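Q: Sending over a structure as structure tokens; questions will come in a sec.
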Amino acid sequence: PAVSKPWFHFVSGLEFDLATNLVGQPLVRQQVMKGVREFLENPNPVKPLVMSFHGSTGTGKTYVSSMLIRYLFQSGLQSPYVHHFSPIVHFPHAEQIEQYKESLKRWIQGNLTNCGRSAFLFDEMDKMHPGLIDVIIPFLGPSWVVYGTNYRKAIFIFISNAGGEQINNVTLALWRARKDREEISLQDLEPAISKAVFENPQSGFWKSGIINEHLIDFVVPFLPLKHHHVKQCVVSELVQQGLEVRPGVVQEVADSIPYFPEEEKLFSSTGCKTVASRISFFF
């Protein structure tokens, strides 16, 4: 059901889409393409592809994950082989964590039995009860078979705002040191993300075996967006809604968004998240 086209068509399509439509995230493009290309090129991967997306609100985490799924599965997020979990919806009560563990394990096992090339998206990992996510460890590693299922062609994506503030601080410090965002490397950001996400008692990854056993293949940091990136988002949103792209409107919408830090007003506090709702004021 998944990847109906040859993988190289899929990869070049995704690469083009990321290059054209993802605003201000060179590192994301690089990491996601590297992960996906290596994974799909291999007819017998040794383990599932596991990616963890980090960054503050509106920087493109959900956008990129749904773009990836759209290329992998004909019906995109509506595909029966794509499973989306939100802690607030699916695991709301801390006292029911044992129950959640059991049902999550059964759910993943059952779906991988139906289709080994399934995708699992875990949203808002920063709100996940610590300890819950560890039940999926057996499915993430390099064993051949778990519970009678070959699951090594599956894809797991974790999405989290955790680490966003630290990514923003590092990006700001590098900007002040005259380092362009195109030059920012994963090595610049990894220590800050690690501390904020994996060593934080409030995080769903707190003391997680997923981290201790190095089961995440790609940590993908999303950088804060600048004023000109927000303007690009406004233009694409206008085009998508079939509205006229008027420079005055583009400027006004971008200006109406709060920016930080206080003195430089450099990065959008909400990324591109509120662009669509703000456009409605002008039409």
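Glycine is no exception: its Cβ is also placed from the backbone N, Cα and C atoms.
Here TrEMBL flags Gly55, Ser56, Thr57, Gly58, Thr59, Gly60, Lys61, Thr62 as ATP binding site. Positions annotated as domain 'Torsin-1A C-terminal' by TrEMBL: 225-282.
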Q: Tally the residues of the domain 'Torsin-1A C-terminal' (225-282) by DSSP class, grouping H, G and I as helix, E and B as strand, and everything else as coil.
A: 31 helix, 5 strand, 22 coil
Q: Across all protein chains in the structure, which of the binding-site residues Gly55, Gly60 has the highest Cβ count within 10 Å?
A: Gly55
Q: Near Thr62 (ATP binding site), which residues of its chain come within a Cβ-Cβ distance under 8 Å, counting only those 6 or more away in sequence?
A: Asp123, Ile159
Q: For Thr57 (ATP binding site), which residues of its chain lie six or more apart in sequence with Cβ-Cβ distance below 8 Å?
A: Asn161, Gly164, Thr270, Gly271, Lys273
Q: With an 8 Å cut-off on Cβ-Cβ distance and a minimum sequence separation of at least 6, pull the same-chain contacts of Gly58 (ATP binding site), or say none.
A: Leu225, Ser268, Thr270, Gly271, Cys272, Lys273, Thr274
